[in-house]
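Database features, via TrEMBL:
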type: ACT_SITE; residues: D260; note: active site, proton acceptor
type: BINDING; residues: G141, R204, G205, G229, D230, G231, T232; note: ATP binding site
type: BINDING; residues: D230; note: Mg(2+) binding site
type: BINDING; residues: T258, I259, D260, M303, G304, R305, E359, Y416, M417, I418, R419; note: substrate binding site
type: COMPBIAS; residues: 1-12; note: compositional bias 'Low complexity'
type: COMPBIAS; residues: 495-506; note: compositional bias 'Basic and acidic residues'
type: REGION; residues: 1-46; note: region 'Disordered'
type: REGION; residues: 491-520; note: region 'Disordered'
type: SITE; residues: G231; note: site 'Important for substrate specificity'
Amino acid sequence: MDSNSSSPSPNNHASTTKINGFFHPKLGSQPATSSRSRLAMASPVNSDPKVVTGTAGYILEDVPHFTDYIPNLPTYPNPLQDNPAYSVVKQYFVHVDDSVPQKVVVHKDGARGVHFRRAGPRQKVYFEADEVQAAIVTCGGLCPGLNTVIRELVCGLHHMYGVKRVLGINGGYRGFYARNTITLTPKSVNDIHKRGGTVLGTSRGGHDTKKIVDSIQDRGINQVYIIGGDGTQKGASAIFEEVRRRGLKVSVVGIPKTIDNDIPVIDKSFGFDTAVEEAQRAINAAHVEAESVENGIGVVKLMGRNSGFIAMYATLASRDVDCCLIPESPFYLEGPGGLYEYIEKRLKENGHMVIVIAEGAGQELVSESVQSMSKQDASGNKLFQDVGLWISQKIRDHFAAQKTLPITLKYIDPTYMIRAIPSNASDNVYCTLLAQSAVHGAMAGYTGYTSGLVNGRQTYIPFYRITERQNHVVITDRMWARLLSSTNQPSFLDSKGDNEEKKEEEAALNQLPDGHCSKDTSLANKEINSIYPTTC
């Protein structure tokens, strides 16, 4: 066993922690104590973002570490150095200063920009195998790959670090205080990656921070792996803050899950590739139906509440789609340049057409014609009207009234078929990397972070970067231009749309490279603003 005072801390400062670019003494000087007694003596800690700056405009948006708020923790040699499977690896451990840039396209005189801590095994760990009691929970909607992540977390903990005690929390966040648990072993999870869904069950809502942390503390859990989307990650952040406030040695780790691919910073979320691949079957079926009859129209609704990535990528992959409608790109039905005019044009040219629409597209039009109910689900998401059924009926009604072009329309909604399938080979590999990276970080004492892929490298991203906004399709980007070139559809931008797009472009220009606006007066952002001067 090694003393933390005799080995370098994760930030290369043995007695200080660099927060917001400044060094602060580590909190307290007492020896490590039990969780209960530490709770009584812990002082409130403001967990501001940890920002480390370097030369040439280098910024590291670091993740929290046990040593930020618990003094004098013992460290131990990483057991991977004695693992036969890793004997072929030239470099066992990630260097303490390794980081990954958020943006890889830079100018020769530009600043180096924002970086994230590189994921991977560290030379010293802050847990012995026998003291670890890990817990895994899945929250929110289903997504291909959930079972693969669960499997690889259990197997990674067991085979890499010798951890034998892993609990599965049943039924989402409420399972913590409902005391529903499943004992997970490599044997029990061996084949679950071949099945869709999640063996742990899931739910929306049910987040009660105090009850959850009370349960974590009472059960002796010291590693929590939380798999879910942006709402779930916000809950994970709240759990971390409470754990830190109590001074507990508990690593809280998020693994981002959203089939819509709307989580920012990361390259993509697991399950997305599988969803795009499976969507091809529905699009192909719609195309077969449409081209088999005179003036046939196939309409396919795909997932995408606020982000149209699945619809866009599925359209590009298919090449059979004539029109793709997503939330980020407003459209209108009637008049010159409208959807009805385009449908009539395509039917006269080709005799059939296929329309792909994301579930969040055109909701403002649906609300105008259908009595809008401002209801929300248990996660706080607005309940949308079924835009697929709505637009199918609107198209039928329009051409029935015209009486000049009789159509046959088929509507396909594969949403729940796509969500429920197992992940494909690509996503299985990605899930393995996410899970193993999460385990390495927790064992190394990191906490309050999400494991994610940035520019092809596994990283640890602080929760606030994951939850600050959603990822959206940029309709002024080349990828959307490729789609328009593929489908030959109009942009559907009238004068109102042009003005809205100008406003969006102005807003985008007023955002700093790391996503923060210069009007943010926090200490971390003042440092960033000095490197990226801009005007809001």
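Each residue, glycine too, has its Cβ placed from N, Cα and C.
All TrEMBL annotations are machine predictions without curation.
From a predicted model like this one, the values you see are computed outputs, not experimental measurements.
Sequence features annotated in TrEMBL and their locations in the structure.
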{"residue": "R204", "record": "ATP binding site", "Cβ neighbours (10 Å)": "19"}
{"residue": "G229", "record": "ATP binding site", "Cβ neighbours (10 Å)": "25"}
{"residue": "G231", "record": "ATP binding site", "Cβ neighbours (10 Å)": "20"}
{"residue": "T232", "record": "ATP binding site", "Cβ neighbours (10 Å)": "27"}
{"residue": "T258", "record": "substrate binding site", "Cβ neighbours (10 Å)": "28"}
{"residue": "D260", "record": "active site, proton acceptor", "Cβ neighbours (10 Å)": "29"}
{"residue": "G304", "record": "substrate binding site", "Cβ neighbours (10 Å)": "28"}
{"residue": "E359", "record": "substrate binding site", "Cβ neighbours (10 Å)": "25"}
{"residue": "M417", "record": "substrate binding site", "Cβ neighbours (10 Å)": "14"}
{"residue": "R419", "record": "substrate binding site", "Cβ neighbours (10 Å)": "20"}
- If you measure G141 (ATP binding site) to D260 (active site, proton acceptor) at Cα, how many Å is it? 11
- Message: Cβ neighbours within 10 Å, counted over all protein chains: which one of the binding-site residues G141, G205 has the most?
- Response: G141
- Number of Cβ atoms other than its own within 10 Å, given for D230 (ATP binding site): 23
- Query: Any idea what the Cα distance is from G229 (ATP binding site) over to T258 (substrate binding site), rounded to a whole Å?
  - Reply: 5
- Message: Roughly how many Å lie between the Cα atoms of E359 (substrate binding site) and D260 (active site, proton acceptor), rounded to a whole value?
- Response: 11
- Query: Quick one: largest C-alpha distance among G141, R204, G205, G229, D230, G231, T232, binding ATP per the record, in angstrom?
  - Reply: 13
- Message: The record lists T258, I259, D260, M303, G304, R305, E359, Y416, M417, I418, R419 as binding substrate. What's the largest Cα to Cα distance among them, in Å, rounded to a whole number?
- Response: 17
- Length of the line joining the Cα atoms of the residue listed as 'active site, proton acceptor' and R204 (ATP binding site), in Å: 16
- Item | Cα-to-Cα gap, G304 (substrate binding site) vs G231 (ATP binding site), nearest whole Å | 15
- Query: What is the interatomic distance between the Cα atoms of T232 (ATP binding site) and M417 (substrate binding site), given in whole Å?
  - Reply: 23
- Message: Cα-Cα, whole number of Å: R204 (ATP binding site) versus T258 (substrate binding site)?
- Response: 13
- Message: Spatially, and counting Cα to Cα, which of the binding-site residues is closest to T258 (substrate binding site)? Options: G205, D230, G231.
- Response: D230
